[in-house]
Amino acid sequence: MTDKRKDGSGKLLYCSFCGKSQHEVRKLIAGPSVYICDECVDLCNDIIREEIKEVAPHRERSALPTPHEIRNHLDDYVIGQEQAKKVLAVAVYNHYKRLRNGDTSNGVELGKSNILLIGPTGSGKTLLAETLARLLDVPFTMADATTLTEAGYVGEDVENIIQKLLQKCDYDVQKAQRGIVYIDEIDKISRKSDNPSITRDVSGEGVQQALLKLIEGTVAAVPPQGGRKHPQQEFLQVDTSKILFICGGAFAGLDKVIANRVETGSGIGFGATVKAKSDKASEGELLAQVEPEDLIKFGLIPEFIGRLPVVATLNELSEEALIQILKEPKNALTKQYQALFNLEGVDLEFRDEALDAIAKKAMARKTGARGLRSIVEAALLDTMYDLPSMEDVEKVVIDESVIGGQSKPLLIYGKPEAQQASGE
């Protein structure tokens, strides 16, 4: 290109690559006798990203962990739920093996292994999905089924889920197509009765219908980054058949549906098996016997259930399991708060009786593992507020009375004679 820059002031500068003037672009970057505009920089970045995409699949082919390795990794972060972890490990392994080898093997078409997690609040459904995504280093996004509506109604369109997934990987379509989507509260979109209604159920059966193609596999058209700012740009085409969908819900009352089916099978009249109250199965035992017909009676449509072939049930966490969750996983709650206090140069000790009290409180609230953090946060709030302004504190001790609200944490100072409770 000829030199379009002139020495006199007020003369235009031009991009050395596309020839646009400084008034036609937002930014013109100067180098030794050359200039490049922001549009050409963006184009260069796109070219580099495309090159990286072509190399990435070859790296990924050797990175798929075995079901045993997936299960072991889940054990590091999730307490209990052994059967659910095994089911998830196999389903996830099969899904990514299918992606690596194409949708067919020796002429046999391989179906998607989308997953349905059934279990009470705070049992670890979301944590399992998040942990899997971290292990596999794939994009992960969550959606709340209760906010979804059919296209054309007020609410969140189901295809917004794919947009969120794209945002997590900087709109890299290839990465998004290897991602995991977790849809929570899926039980809340059950239809209101067993019989289809002539009236529209835009937040129930209608959403199930809208999710069908997305979960099974379709090419979703998603606005590019910037969306409405650049209407002339073509929509991104995302193949959802390669995305793993995990749906989760508490399904309150499903155990009763299963119990009715199981008990009906025991017979009536003189030949009936009479069961004592003590023989009744627990909620967890009943959920483990779930069949597609139970989910249909609960309010999920048959087509939707068919798109979620892998079903894993999670048990309500016991008090012992909650205590384990507090101290054993790699990112256990007590370890997180101890790390926070260490940043202040202070040790934090949770006595065993304190852990028992935290677990008991969570059990009473029926919040499962999800409620543990709020209990610990409330117990430590005043201490975390005062500690940065205090001097010579070496250790903070939490016992049962602190969790119960009867006393303040014990503060241990550097000088033995200065030991005192912060509440004194």
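The backbone N, Cα and C atoms fix where each Cβ goes, glycine too.
Annotated in Swiss-Prot:
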BINDING   Cys15, Cys18, Cys37, Cys40  Zn(2+) binding site
BINDING   Pro120, Thr121, Gly122, Ser123, Gly124, Lys125, Thr126, Leu127  ATP binding site
DOMAIN    2-56  domain 'ClpX-type ZB'
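Recorded features from Swiss-Prot, shown on the structure.
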residue	record	CB count, 10 Å
Cys15	Zn(2+) binding site	23
Cys37	Zn(2+) binding site	24
Pro120	ATP binding site	21
Thr121	ATP binding site	15
Gly122	ATP binding site	23
Ser123	ATP binding site	27
Gly124	ATP binding site	28
Lys125	ATP binding site	25
Thr126	ATP binding site	16
Leu127	ATP binding site	20
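With a cut-off of 8 Å between CB atoms and residues at least 6 apart in sequence, the same chain places Cys37, Glu39, Cys40 near Cys18 (Zn(2+) binding site), listed in sequence order. Cys40 (Zn(2+) binding site) carries a helical DSSP state (H, G or I).
Nearest in space to Cys15 (Zn(2+) binding site), taking C-alpha to C-alpha distance over the binding-site residues Pro120, Thr121, Ser123, Thr126, is Thr126. Taken together, the residues of the domain 'ClpX-type ZB' (2-56) have an average pLDDT of 79.
Within 8 Å of the centroid of the Cβ atoms of Cys15, Cys18, Cys37, Cys40, where the record puts Zn(2+), the same chain has further Cβ atoms from Ser16, Phe17, Gly19, Lys20, Val25, Leu28, Tyr35, Ile36, Asp38, Glu39, Val41.
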